[in-house]
Amino acid sequence: MVSSSSFFLCCVVIFAAVFVTSEAQLTPNFYEKVCPEALPTIKGLVEKAIEKEPRMGASLLRLHFHDCFVNGCDGSVLLADTANFTGEMTAFPNNNSIRGFEVIDEIKAAVNSACGNLVSCADILAVAARDSVAKLGGPSYKVLLGRQDSLNASWMDANTNLPAPFLNLTGLLTSFASKNLNLQDLVVLSAAHTIGLAQCATFRTRIYNDTNIEPSFQADRQRICPPVIGTGDNTTVALDGTPFNFDNAYFNNLLAQKGLLHSDQELFKHDFSAADFLVRRYSTFPEAFMKDFGDSMIKMGNLKPPTGAKSEIRMNCSRIN
């Protein structure tokens, strides 16, 4: 049961949220006093969801990434369409692709029950991503908290802001630089592809057109993904050989020219570039990858909504209050 003081605080937060921006300084202990049950509740439900379906860990991590890259980490990716805007769910990089909404809804209901409406959907996405990585064997980095939820979403911005799997290295660097993320961030965050699956439509061009691809790997993927667009588009294969273990196998795949996506293999071209150096480093020193991945996730998690954007803490993650 929520105490009277907690209920009052909840009301104050809700009332104030729509009149402030989401630019407050984030802190790892944001919920320590107002709702100490929040983080354990999220962790428990994330672990339960992954135990039920191991793929869900990658899906929750991807939700956080797709949220942050479109106008900051503000939970906009979770908003359903309204009369005033078309949301991000049906944008080309997201349509029939991003998933895990039911897990986020379950978590939100649980933290609302434990705390009142104090925990933002954007924070839930950030914590769920971290807990997913940790559950699958990756680092348990500190998540900075205190985000608020946006009052709108943008289908167009999702189409233009999210880096496509067909981009070359220059395009990837430009996309990341627009978010104040550098080459190292690009390399370690791309390695989130060490877990999860990819649809045929995202790697068809690579397996039929690219030349920097290992022949047996190419032939195996061609058997799974036919060349005709619209045929088997949603068929999925693992992004690397250990899709449910968060490890550095992704980098070993790149060294062997077995990157599944064109954008993956663009990070390693045997040209002694800075990107090549990082791929070789992380393939040799997995502990360095784990540390740097956590650092880059924290950095990405600091991406803020546009200046002056109004926000709130949503009671239901799919709609504004």
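The backbone N, Cα and C atoms fix where each Cβ goes, glycine too.
Residues or ranges marked as active site, proton acceptor by TrEMBL: H66. Sequence-distant neighbours of H66 (active site, proton acceptor) (same chain, six or more apart, CB under 8 Å from its CB) are V77, E88, P93, N94, I98, A158, L162, listed in sequence order.
The local packing around D240 (Ca(2+) 2 binding site), expressed as other Cβ atoms within 10 Å of its Cβ over all shown chains, amounts to 23. According to TrEMBL, the Ca(2+) 2 binding site annotation covers T194, D240, T242, D247.
Summarising the environment of C35 (disulfide bond), the number of other Cβ atoms within 10 Å of its Cβ, over all protein chains shown, is 20. According to TrEMBL, the disulfide bond annotation covers C35-C115 (among others).
According to TrEMBL, the disulfide bond annotation covers C68-C73 (among others). Just so you know, the Cβ of C73 (disulfide bond) picks up 29 other Cβ atoms within 10 Å once every protein chain is counted.
Long-range Cβ proximity for C317 (disulfide bond), meaning a same-chain Cβ under 8 A and a gap of 6 or more residues, is found for G75, L78, L79, F101, I104, D105, K108, C121, I124, D149. Summarising the annotation, TrEMBL assigns disulfide bond to C121-C317 (among others).
Residues or ranges marked as disulfide bond in TrEMBL: C200-C225 (among others).
The feature domain 'Plant heme peroxidase family profile' is assigned by TrEMBL to 25-321.
Long-range C-beta contacts of R62 (site 'Transition state stabilizer'), restricted to its own chain and to partners at least six residues apart, with a cutoff below 8 Å, comprise I98, G100, A192, G196. Here TrEMBL flags R62 as site 'Transition state stabilizer'.
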**Study point:** C68 (disulfide bond) CB neighbourhood, other CB atoms within 10 A
**Key:** 27
Point to revise | T194, T242 as binding-site residues, winner by CB count within 10 A | key: T194
Revision key, fill the gap. When pLDDT is averaged across the domain 'Plant heme peroxidase family profile' (25-321), the result is 97
Point to revise | Cβ neighbour count within 10 Å of C200 (disulfide bond) | key: 19
Review point. For the disulfide-bonded residues C115, C121, C225, which one has its C-beta crowded by the most other C-beta atoms within 10 angstroms?
Key: C121
Review point. How far is it from D240 (Ca(2+) 2 binding site) to C200 (disulfide bond), counting Cα to Cα, in Å?
Key: 14
Check your understanding: Distance between C225 (disulfide bond) and T242 (Ca(2+) 2 binding site) at the Cα atoms, whole Å?
Key -> 20
